[in-house]
Amino acid sequence: MRKPIIAGNWKMHKTMEEAVDFTEKVKGLVPSNAQVDTVICAPFLFLDRLVKEVNGYNVKIGAQTMHYEEKGAFTGEVSPAALKGIGVSHVILGHSERRELYNETDDSVNKKVLSAFRYGMIPIVCVGESLEQWENGETNEHVGNQVKRALQGLTEEQVKCLVIAYEPIWAIGTGKSSTAEGADEVCGHIRQVIENNFSKEAADAVRIQYGGSVKPENIRDFISCPNIDGALVGGASLDPDSFLALLEASINE
Ligand SMILES: O=C(CO)COP(=O)(O)O
């Protein structure tokens, strides 16, 4: 059985003080590493401090994006080398907000995924369809293509340890979550795409999260599905009690 992985995506929320206060409240209360992988993906500015705050606890710190180059004239960007250098272990890549607002493409996501591995970080690769694509029945085709293109050039071993987050765009921050059955079917399709492009072993090992209006009240519905191994959570990850409740509810019985 795959170990669940719960990642909070804080997006552009919190001040340094609030971020530190959050980690102080949760770090001693998170379930054990044997039960669940816990990741907090915070704004760049807080990462260095948060890595130090959670040292020795079952909490990993992730970034929400990065550049794929090691260094260079890219004003405002942050390199994989800089992130790895301060102890960041995970990085969200290809979030729909980055694709939509900051011109992230399948090609740049692929470069970033390869780069994350080069620097020993685990990518959380986001894929998902728009409302229109969903209504037109194009979800599997669109999401399958995103997965194929994001993972191009990876080895089977790399695929086994990455994380894919299936986030239907119409379910993000809307309070409208996919049905668990619907999400599980898409995650099953993602697994099939990985089997076709890599191997059955890779498809069985890769962890797939669902994201989009996940809360303590509905996480169990998703996590109990055969193809869903965790959640990427926005709004409900911002409050310590809510985040802890998500972790507790995700533990495999
Ligand atoms: O985008 C998301 C996580 O990456 C989902 O956000 P919400 O949980 O706020 O819907």
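Cβ atoms are placed via backbone N, Cα and C, with glycine included.
All TrEMBL annotations are machine predictions without curation.
Computed from a predicted structure; not experimentally measured.
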Substrate binding, same site as Asn9, Trp10, Lys11, Gly173, Gly234, Gly235 - TrEMBL member from Ser32, Ser213, Ser250: Ser213
Distance-selected binding-site residues near ligand 1 (C-beta under 6 Å), from Asn9, Trp10, Ser213, Gly234, Gly235: Asn9, Ser213, Gly234, Gly235
Binding-site residues compared (Asn9, Ser213) - highest count of Cβ atoms within 10 Å: Asn9
Recorded positions: Lys11, His95 - member with fewest neighbouring CB atoms within 10 Å: Lys11
Three-state secondary structure, Gly235 (substrate binding site) (per DSSP): helix
